[in-house]
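The next block holds one structure in the form of structure tokens; read it before the comments.
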Amino acid sequence: MNFALSVLRLMCLAWLWPVALFKGSNTQNQRRHKDVYLGENTQHKHGGRIDFKTKKSDSTKSLLIKSEQLLRIEDHDFAMRPGFGGSAIPVGIDVQVESIDSISEVNMDFTMTLYLRHYWQDDRLAFPSSNNKSRTFDARLVKKIWVPDVFFVHSKRSFIHDTTMENIMLRVYPDGNILYSVRITVTALCSMDFSRFPLDTQNCSLELESYAYNENDLMLYWKNGNDSLRTDEIALSQFFIEEFHPSFGLAFYSSTGWYNRLYINFILRRHIFFFMLQTYFPTMLMVMLSWVSFWIDRRAVPARVSLGITTVLTMSTIITGVSASMPQVSYVKAVDIYLWASFLFVFLSVIEYAAVNYFTTVEEMKKLRKGKLPASYDATQAMAYDGCFHDDIDVSPFPELPTTPSTTRTIPPRASSTEPPPTEGTRLWRKRSVGKNIRFIMSNSYMIDSYSRIIFPLAYLLFNIIYWCIYS
């Protein structure tokens with residue numbers, strides 16, 4: 001019986017042995033074909049070179065996994081702030097201003113590039129370390145943990161620099177202290193006062209505040225006091241930076257409560273030299289150019305009129321150019337006072353010649369009616385009508401006509417006066433009223449130019465002294 005079972009087992013093994021050999025050969029062939037296929041692909045990708053070395057594991061990937069496991073990121077809910085339900089978490093702020101890129105008077109804003117650094121402690125990120133060294137990460141890990149939601153109040157535009165990677169740094173210390181640094185360019189509002197422009201000084205500030213967490217959840221503060229704000233050497237084209245200083249305060253919102261707010265304050269004083277060259281000096285020259293007409297003959301109408309109109313139009317161009325580069329404010333600026341006062345002087349010089357021309361014409365017409373002009377004088381050719389200079393017209397007083405019997409008048413004797421005659425050495429003063437003085441000047445119109453040569457420069461000099469004493 002035992003013998004029969006042994007024979008049966010031998011027969012089964014003899015039948016199964018060829019089948020096992022056939023399957024083994026097929027498996028080896030499949031592996032061989034797969035290796036050849038992979039080798040061809042590798043050769044195609046790497047330019048004909050086949051690397052038969054054993055592929056090692058990615059150490060960077062394993063380190064990232066180890067870091068996440070070391071910080072236990074998956075074990076905590078980082079949507080909640082550290083110490084939720086307890087006292088407010090203190091977050092220190094440190095700012096380094098890299099540059100002030102631009103300041104716009106038209107838009108009333110400024111653009112600043114800065115390094116914003118946050119300091120806080122999160123015990124959830126504490127890790128054991130034998131050498132007490134920190135670990136530094138980039139923006140990829142920042143998205144997985146809690147960071148303060150600081151934003152810029154009154155900002156118009158802002159962005160985080162991303163060349164060549166996002167300029168974000170996260171440094172975690174073994175005790176859970178965290179440094180979070182980001183490089184930002186922000187354009188913020190600056191309420192400017194142009195009442196003394198361009199001799200003005202502007203106070204601007206950049207304000208930082210938490211968006212979601214009020215003072216019961218998050219407390220913002222300057223980490224190193226006044227030393228928390230540092231600046232590089234900043235040079236601006238139109239301004240001189242007088243002062244940079246930090247400050248802090250509270251902001252109240254009726255629906256959410258009180259929030260901590262930090263201020264980056266800086267004072268800007270405008271350089272005046274640019275505006276002296278572009279505005280003030282050309283305006284002074286135009287005013288002085290209008291005075292040249294006072295030395296031109298009053299009968300040269302085309303010369304004096306063209307000079308006056310040219311200076312008026314030039315002043316209008318200067319005023320328009322300055323107004324185009326300024327915001328449309330509802331109050332008067334210092335430069336407006338100077339430009340419009342200068343425009344008034346130029347305009348008055350044109351009006352002065354209009355008065356001279358009119359009074360000269362009236363004087364000639366009176367002489368014509370009184371017969372003091374020669375019979376050959378043609379009133380239609382007077383300068384008041386064609387504006388030209390005529391050499392054959394003499395507007396100076398003519399000599400008196402000879403006395404004839406028809407023109408002789410009998411002068412009655414004066415009535416005897418009871419007043420004693422003036423003694424020797426007594427000077428008689430004859431008072432002349434204002435009206436008589438005006439009529440005297442009107443009858444001698446050439447004196448208007450003589451007085452204008454002195455009055456206009458003295459008045460403009462007095463205006464400049466008062467203006468620069470007030471605004472400088």
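A Cβ is built for glycine as well, from the same backbone N, Cα and C atoms used for every other residue.
Annotated features, as they stand in TrEMBL:
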COMPBIAS  403-418  compositional bias 'Low complexity'
DOMAIN    73-271  domain 'Neurotransmitter-gated ion-channel ligand-binding'
DOMAIN    279-365  domain 'Neurotransmitter-gated ion-channel transmembrane'
REGION    403-426  region 'Disordered'
SIGNAL    1-27  signal peptide
TRANSMEM  272-293  transmembrane segment
TRANSMEM  305-325  transmembrane segment
TRANSMEM  337-360  transmembrane segment
TRANSMEM  451-470  transmembrane segment
Residue distribution over DSSP helix, strand and coil in the domain 'Neurotransmitter-gated ion-channel transmembrane' (279-365): 73 helix, 0 strand, 14 coil
Close approaches to the transmembrane segment (451-470) from elsewhere in its chain (Cβ under 8 angstroms; 6 or more beyond its ends): 287, 291, 294-295, 337-338, 341-342, 345, 348-349, 352
Residues of the parent chain within Cβ reach of the transmembrane segment (305-325), under 8 Å, 6 or more residues beyond its termini: 105-106, 279, 282-283, 286-287, 289-290, 292-293, 296, 335, 339-340, 342-343, 346-347, 349-350, 353, 387
Spatial neighbours of the transmembrane segment (272-293) far in sequence, C-beta under 8 Å, 6+ residues away: 198-199, 238, 303-304, 307-308, 311, 314-315, 318, 322, 335, 338-339, 342, 345-346, 349-350, 353, 452-453, 456-457, 460
